[in-house]
């Protein structure tokens, strides 16, 4: 409660004087001032972020060299790329395939040949093993809470073209991609009772973690709920029980109110009838964005065709804004959805009343990401004000 009150106080003071925050005299009559940044808390998940905009001026003697080159600088077809058209045997059989116009396919989903998790031959044996290890943990054996790295890890080959980035493609391509995510995620959940959570993500560029240049994304189905995911759910549920409303709905309401009363100082980047794109109040990194549904919806795989089309439209525009504003940056795109585990219990509590699935876009800006301060404190640092980033992104002509 105290943390939420603090966040609300910071937010209200920011509304009054966006760029006047922080000038504090050392003592009465002193001419020297200390320029303070801000510690902001994200009300939706509890994360704290330190905004120290002066750090962007610090001397840097190291540099992040991006290996290789941008995707658009590459060739349209690479004979050695397993994802290129004609090389299908190198990537394996299709788990899902969308026909192309003049090509045999426009999108394929295949099993990852280098997976983080693997499908076991006997899920019952895995479950028995987990139950046995769980009993040991309950008997205070704290160093034996382990589970084989089982699950499903799949690759979405987004296009036959080797050098075609999502931001520069047409809207139909983005629609195909998000529909494939939803449909394949839905299939994994429906066909496998062991699935407790599904990750949907895209890494673009070397700094973004992509190992191959060819445009692709990934789906990972897990037999566990990651701690950060569960903590976010618990935070939203606690906020709901204390305030009798969704923190996600309240956040959007306040952001839209701020846009109405302060046209030049708000954090909303773009919107349509179904979704709102914004730079979060406590953005983890420069130019990061959320795309959030206007209506209650906890599970991405339950999104209707109409809502999915609206999401694709806004995602396409946001990708283009980032591409133009930051000159084809490396980035990570994530879909954050409520867990599948105990879905019957979640429906009993109506998870959509307190949580909303959403997309997160993280441009990777090189130096200044995770370092000692972040690892030691668990607090991210950001050298850009979200309000400034949102304004720059809004100004991009798309």
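Even glycines carry a Cβ here, placed using N, Cα and C.
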Fill in: Annotated companion of 81, 84, 162 at the Zn(2+) site, TrEMBL, chosen from 214, 216, 228
214
Response to the item:
Given the Zn(2+) site 81, 84, 162, 214, its other Cβ neighbours within 8 Å of the Cβ centroid, in chain order, are 77, 78, 82, 83, 87, 161, 212, 213
Worksheet item: What is the average pLDDT across the domain 'Galactose-1-phosphate uridyl transferase N-terminal' (38-226)?
Response: 85
Item to complete: Please classify the secondary structure at residue 214 (Zn(2+) binding site) using three-state DSSP.
Response: coil
Item to complete: Work out how many Å separate residue 84 (Zn(2+) binding site) and residue 216 (active site, tele-UMP-histidine intermediate) at their Cα atoms, rounded off.
Response: 11
Discussion item. Using a 10 Å radius around each Cβ and all protein chains in view, which of these recorded positions has the most neighbours: 162, 216?
Written reply: 216
Discussion item. As a test of the contact definition, list every same-chain residue at least 6 positions from residue 214 (Zn(2+) binding site) whose Cβ is closer than 8 Å to its Cβ.
Written reply: 78, 81, 83, 84, 157, 162
Item to complete: Tell me the Cβ neighbour count for residue 84 (Zn(2+) binding site), meaning other Cβ atoms within 10 Å of its Cβ, over all protein chains shown.
Response: 21
